[in-house]
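Visitor: One structure, pasted below without further comment.
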């Protein structure tokens, strides 16, 4: 086998551990005599067509390890989705630089990019090994038990809701927080792991796998508020009505779409504000507050699951090993074995590309407004063994003198 | 001296370390033979008038230490502000339970409550020692170098902006995040400590100590965006125009006020959305995203400054020691000595009560859109020695073949 050069890039929304995968590719590739040069493309496929490459062969191992601990795509990312003409520009660059292996770290849109590139390479006879390395906080890749990036984002959501629940207990009222997840409710559902004591929030959890009805929502909130004098609610940004129209866009005058046709849901507090307004006006509850976790939930420096870090590294190591020895393109996937351990497989790209996995029905309570114990069991080991825990006073009441 | 019973309560917005102060009062009070019972009031002064007390004498030390690590007011909080009639109810409860010392952990509204209670006690001849223990994420208490709660909230803001800056570098555009702080810009200014590399964000920082002009703001954003191709902006929720009208309420149909007359600024994404809309429409920039950090910045479980933890404990220990030996009411304050060390003093309540400290002029850049090196030096030691650091790739560019 002639020595080859490899190219690695990062696509889609950043995560807390996407640079673990980058470090994994580079450090694993260095072990192989058959790989003579390791290039990185700046801002995903866009960097390839623009011939905007960096030479990762010249990175120190110490700095790669430091970058691995840093959230967000160190190479830069893109939302570009290549068509045939775009692919041909990609091959022009790959050919000019003698690239024989392409690794793309990304979600389902990025895996579709790898599929298109791999198909075009095969069709046009360009010799290329193309491997997709999974990452997405949405946890929505087919064939994966879970995806790198999700556990750390879930950990942020759990820690945020644990704190918000305590805040809400201290100053009672209704608190609504909107969590990322366009079609899959995994990240919103993670909020449920913030419940330690029986009356802890989130008391209600709404995911996009179920139709959102405003009347049911308001009845749910009213019931919890009457029972506890307060209510903490987790809502996915992707909740929608029976027609599939996002609640977030019902009041929007114009909607913004990305290159993949996705409507912009993040980066605005409109959905939280809309729900708060409904609770105030329809239920007459005075103290109603809404937060939108926004970009912080995927990028916060210093909130990461150690399980997620290790797995994000391993999927990349596996990707390089498959590229060297398996003789086929594909997408590395995480499978759960035992409780808790994982194994990795190489899936065909078509099994993942542009498909969306949603929550199993068994993860959502029949009421449609919370998760099941099965979901808690699924998520708990992913968060890591070092999750902070809230504690309560147990001091008994002082007997009233005045009555 | 006859044995006395003491009462501790927590008022105002929760913080990450307010329970350190609670534990500090209880554990310090246990050392004194002159204190026979330690009561806590549920939900601040409201718990006193409702005779809703718990007996903290019966808490284990282990649980008090666990609660001390938990954010938000473990006793519950309130926004109630006592008037004369309210105070008389307070004295009725204090008398019925033989309370001789009252400790109130809170901000400037809470210190005003302590002042009113202390004055009414003196006027009506009720024998009471009343001590205010400082806490507020706003860092706006007079006579304090800084206040317990601020360093941990600042740490959250720094870690959030460090991550948001990396996210914004990966997927360039304009990012606006709104930070708490009605009149004082300290917490918003803290965002500046997220800058490690010269081109890191936040590139612009707007605090309520300066008049906010939309035209200047847009010109600032345009200049940064032209220079770097991206822009990260920290904005205080309290920014206002020349007339003092909050920008957040300029478009609001109705405003909500609390018992202290404060307009509701948090718990809504309206200000971020308004600024994003201006940037999109006036500057024609396409990718513009806004977050509002909301309640997470003061309650997030697992983001705390060890310096803040220690000081929040110490102000409470000092409060009990002053109550036992100083023979006067007052408010414990933190003074900075050296670099970095602190000392504590007991200020007269009138020096703190209902007053608001704002940022020193020397902390704000002349441009009005960023902080000075003096502010960075002021804040850095408060965040703690274990701040996570972002790292970048240093890989050199690959020489272009195609050109």
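Using N, Cα and C of the backbone, Cβ positions are placed for all residues, glycine too.
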Visitor: Kindly point out which candidate in A:211, A:237, A:350 is recorded by TrEMBL as part of the substrate site with A:136, A:137, A:138, A:180, A:181, A:182, A:295, A:296, A:297, A:298.
Guide: A:237
Visitor: Just checking a number: largest C-alpha distance across A:136, A:137, A:138, A:180, A:181, A:182, A:237, A:295, A:296, A:297, A:298 for the substrate site, rounded to a whole Å.
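Guide: Across A:136, A:137, A:138, A:180, A:181, A:182, A:237, A:295, A:296, A:297, A:298, the two farthest Cα atoms sit 16 Å apart.
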Visitor: Which of the recorded positions A:108, A:109, A:296, A:298 have a Cβ less than 8 Å from any Cβ in chain B?
Guide: A:296, A:298
Visitor: Looking at the recorded positions A:13, A:108, A:109, whose Cα is closest in space to that of residue A:296 (substrate binding site)?
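Guide: Comparing Cα positions, the closest of these recorded positions turns out to be A:13.
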Visitor: Just how many other Cβ atoms lie inside 10 Å of the Cβ on residue A:13 (diphosphate binding site)?
Guide: 27
Visitor: I need the least crowded one of these recorded positions (A:135, A:298), counting other C-beta atoms within 10 angstroms of each C-beta.
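Guide: Ranked by other Cβ atoms within 10 Å, the recorded positions A:135, A:298 bottom out at A:298.
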Visitor: Quick one: of A:108, A:181, A:237, which binding-site residues lie within 10 angstroms of residue A:13 (diphosphate binding site), measuring between C-alpha atoms? Sequence order, please.
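Guide: Hits: none.
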Visitor: Find, among the binding-site residues listed as A:108, A:136, the one whose Cβ has the highest number of other Cβ atoms within 10 Å in the structure shown.
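Guide: Of the binding-site residues A:108, A:136, the highest Cβ count within 10 Å belongs to A:136.
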